[in-house]
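Taken straight from TrEMBL:
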TRANSMEM  30-55  transmembrane segment
DOMAIN    45-293  domain 'G-protein coupled receptors family 1 profile'
TRANSMEM  62-82  transmembrane segment
TRANSMEM  102-124  transmembrane segment
TRANSMEM  145-170  transmembrane segment
TRANSMEM  200-224  transmembrane segment
TRANSMEM  245-264  transmembrane segment
TRANSMEM  276-295  transmembrane segment
Amino acid sequence: MFLTETHKMTNKTNIFYLSGLNDLTTNRGLIFTFIFLCYSLIWIVNGALILVIILEEKLHEPMYIFLCNLCINSLYGTAAFYPKFLYDLVTNNRTISYAGCMLQGFVIYSYAGTDFSILALMAYDRYLAICRPLEYHSVMTKHKVVLLVCFSRLVPCLCFTVLIIMTSLLQLCDSHIDKLYCANWSIVKLSCNSITANNIVGYIVILFYFCHVVFIMCSYVPLLKSAVKSRDGRKKFTQTCVPHLFCLLNVTVALLFDLMYARYGSPSLSAGVKNFMSLQFLLFPPILNPLIYGLKLTQVRNRLLNVFKGKG
């Protein structure tokens, strides 16, 4: 009896069961095809934009470097979900190792945090370019751009490393995660002990990234004031700021759905709705962000058209 109970606890602490996969018992082939096409599209649109920015010297400017980093981050984040999910659909596997679960949660949410960091940098870049054009090149030096890009990745990684370490210290009483992938809060909810500290730190991280959104919106107040003063200002705002705002809205709404459902979602929601809400920020931002920028930014759009026409 003692050995049986010990074995059960070992399973609970070393293997997680992704309960969200239980509801995908029908139309697996259709779901696999759809997810495979989505992941392929993510690689195509993000990869195309990355290559265009790297190969085109005219695009070696801070705004495009930040955009390239945004696309690289999309590939980084989605790589933690799509290959594993496709494998699970083919093999009917519903489990993930403890270490794999922690790693998946870390990568997915550090990807989300990095998205906000990059969007904040892009807002700051547009503020300097439109409101303080004479100071732009002295402030946005190559050295500073490299540092900003590094910090946009390092800070989210540090934030979510703290969360994952705190989660790893919890004693878990269950091993069933009610999602299609591992999320930090989904693991925390399985704890036998108090999760007050994890909850407080989690809210601090959420507040920290909410401040990113506030910073971006505040930076657009002087941008709007500057844009309405001249025709050239309105043109710059439309070409570079409007797609940035669309991307911010895209990322914020998608992640907000996931966070609100994870913490306050009703268990009475249908499985399809729950799975859709948890997948939004891994599906829409990685596809729509490069499409929005690729179609809206003139230099990027012209370069892409030349590539497709075979002009190199």
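Numbers run from 1 along the shown chain.
The backbone N, Cα and C atoms fix where each Cβ goes, and this holds for glycine too.
Proximity of distant same-chain residues to the transmembrane segment (30-55), defined by a Cβ-Cβ separation under 8 Å and at least 6 residues beyond the stretch ends, is recorded for 24, 64-65, 67-68, 71-72, 74-75, 78, 82-83, 85-86, 89-90, 283, 286-287, 290-291, 293-294, 300, 303-304, 307.
Residues 20, 38, 41-42, 45-46, 48-49, 67, 70-71, 74-75, 77-78, 81-82, 108, 112, 115, 179-181, 183, 243, 246-247, 250-251, 253-255, 257-258, 261-262, 265, 269, 301, 304 of the same chain lie 6 or more positions beyond the ends of the transmembrane segment (276-295) yet place their CB under 8 Å from a CB of it. If you look at the transmembrane segment (245-264), the same-chain residues 6 or more away from its ends with a CB under 8 A from one of its CBs are 70, 112, 115-116, 119, 123, 179, 183, 185-186, 206, 213, 216, 220, 274, 277-278, 280-281, 283-285, 288-289, 292-293.
Outside the transmembrane segment (200-224), and at least 6 residues removed from its termini, the chain residues within Cβ reach (under 8 Å) are 113, 116-117, 119-120, 123-124, 126-127, 130-131, 159-160, 162-163, 166, 184-185, 188, 237, 241, 245, 248, 252, 259. For the domain 'G-protein coupled receptors family 1 profile' (45-293), the predicted model reports an average pLDDT of 86.
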